[in-house]
Amino acid sequence: MSENVSSHIAIVPAAGVGSRMKADRPKQYLLIDGKTVLEHTVEKLLAHPQIAKVVVAVTEGDPYYPELSIALHPDVIRVAGGKERADSVLSGLNYVSAQLPCEWVLVHDAARPCVTLNDIDRLIDVCCAHPTGGILASPVRDTMKRANKENNIDHTVDREALWHALTPQMFKTQQLTRALADALQQGVAITDEASALEWLGETPALVQGSANNIKITQPEDLALAEFYLSRERG
């Protein structure tokens, strides 16, 4: 583990509905081995020695969250989520700035329960020595095709410098807050935290992480996540 003993705060935007799962509830509340996806994710973050607290942004009136084991955990704080991911993250950042001042925050997808502590440790090590921060990422392995308007292949994209963006993504609290607030105010499309920093002209680090750190998006992803988690437990 990293020798850096400072504590950081993690923010988990969990206000999404996950319509592609075609389930009766948002994907973060689907079960894997008796626990919700969100519980697995938050517990994984809390297990890292350098993460002091986890701020979870959920929809106001969410009927599922109060029933979770993490809802009463002393190191888990609930804040109101927003319409878009960036709104939820900004809500978490505003809480952190007001109540839990810290230099760095890690933002992690609610639907990525398979992140490893070693990957988080490596991310923290790299980011704390980087002027901007960075993200976990995985190099693209497959041949990539760009489609034309008819959904036929237009050309093959050089994958040499292409990476899949994963999470957590770790940035300085004040800089990320400013980037997201300014981008939202100007109507800039922000798909992840790194894109907000890129919009400011920054160049975040790419920290190679495990491709097993999947985001649960489709129904078949649940079984794959369960496999990875069970293998991790041994």
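Any Cβ shown, glycine's included, is placed from N, Cα and C.
Annotated site 'Transition state stabilizer' per Swiss-Prot: R20 (among others), in sequence order, evidence recorded as similarity to another entry.
Residues or ranges marked as site 'Transition state stabilizer' by Swiss-Prot: K27 (among others). Mapped onto three states, the DSSP output places K27 (site 'Transition state stabilizer') in helix.
Taken from Swiss-Prot, the feature site 'Positions MEP for the nucleophilic attack' applies to R159 (among others), supported by similarity to another entry. Packing around R159 (site 'Positions MEP for the nucleophilic attack') is summarised by its Cβ count: 13 other Cβ atoms lie within 10 angstroms of its Cβ, all protein chains included.
Its Cβ placed at the centre, K215 (site 'Positions MEP for the nucleophilic attack') has 17 other Cβ atoms within 10 Å. Taken from Swiss-Prot, the feature site 'Positions MEP for the nucleophilic attack' covers K215 (among others).
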Cβ neighbours of K27 (site 'Transition state stabilizer') where a neighbour is any other Cβ within 10 Å: 26
Distance, K215 (site 'Positions MEP for the nucleophilic attack') to R159 (site 'Positions MEP for the nucleophilic attack') (CA atoms, angstrom): 21
Nearest-integer angstrom distance between the alpha carbons (Cα) of K27 (site 'Transition state stabilizer') and K215 (site 'Positions MEP for the nucleophilic attack'): 10
